[in-house]
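Per TrEMBL, the feature signal peptide maps to 1-31. Feature annotation from TrEMBL assigns domain 'Intercellular adhesion molecule N-terminal' to 33-121. TrEMBL lists 226-313 with the feature domain 'Intercellular adhesion molecule 1/3/5 D2'. For 318-343, the entry in TrEMBL reads transmembrane segment.
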Amino acid sequence: MMPSGPLPRACWTSFISLLLVCCLLPPGTQGQEFQLRVEPQNPVVPAGGSLLVNCSTDCPSAELISLETSLLKESVGSGLGWAAFQLSNVTGDIQLLCSGFCNGSQMIGFSNITVYRFPERVELAPLPLWQPVGENLTLRCMVSSGAPRDHLTVVLLREEEELGRQPAGDGEPAEVTVTVLASRDDHGASFSCRTELDLRSQGLGLFQNSSAPRKLRTFAMPTTPPRLVVPRFSEVETSWPVDCTLDGLFPASEAQVQLALGDQMLNATVVSHGDTLTATATAKAEQESTQEIVCNVTLGGESRETRENVKAYSRNPIAITIVLGVLTILGLVILAAASVYVFGVQKRRDIYHVRQSSTRLPLAP
């Protein structure tokens, strides 16, 4: 019965080869009593390897046993009902055909060679320099070469944890992707990919190739700006404290902090505790003016910044001398006035006492 759909190219090749051989067979061959065996049957060999092939039959009068192939071959022996050949430099999948004659009838036998090769390159694509926590991270693994592809699988890993596996497919190079949600636990974790060439069904084994691992750095940056605490006023040439704090930062120990007074960078002391980062410094203004204090925190390529103004003032020695002089004079005036007042009150008291102790009016002065 003929197939109902189109045949794959490999099937067409086998079908045409068989058709040509059958057309060349003498009448009655299709009903031959003896079969021609090809051993090994459907072998799997490494790319570039060699293979010993034996064509044999139970026909007692077999003759002209040969092997038809485009590969380099060498006859290594023959006898009654058999012939052996050494094939070398097997680089691709191919079909072997053994032929011979038994009592004038042609016999044929087939075997398909499958070539396997390990991937030449297994590489995990570079990871982001910093990955935001809570956002999707796409892992990409590129695989060059490797066969047979229907036995080749790509696995993506976080440390030893399997994140996903997919067939390599027919692309060259093959690219397999897995998307995961980045978390704080992923900070500093190693990611890699691995290929598995599974030939256990062919009696060989499971062959693995791994990429070099790549470390991931994750971060979390709050949306709020830092808290900057500075005095609103400061005397020129007088030091004053600067305090900058930002909460909800991960990892806080890897953040960069800059404190500046105008164009002057301040020597900050940075301390982290949990998700909180604190930077402290001392500053002083060289001249009387309004200057800007800036606190900038950077992590994972993102920055948060706060600015505050500080008004610097200075004391005028001349003005102070004048004020002190004025205050001194004012004090003397107040003191004199107080003395006059006290003297006047005392005098009136004396007159009052005289009037009360005398029956006559005091003489006028």
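Note: Cβ is positioned from N, Cα and C throughout, glycine not excepted.
In TrEMBL, annotation is done automatically, which means it is predicted and not curated.
The DSSP breakdown of the domain 'Intercellular adhesion molecule 1/3/5 D2' (226-313), given as helix, strand and coil counts, is 3 helix, 58 strand, 27 coil. For the domain 'Intercellular adhesion molecule N-terminal' (33-121), residue counts in helix, strand and coil come to 0 helix, 63 strand, 26 coil, using DSSP. Confidence across the domain 'Intercellular adhesion molecule N-terminal' (33-121), taken as the mean pLDDT and rounded to a whole number, stands at 93.
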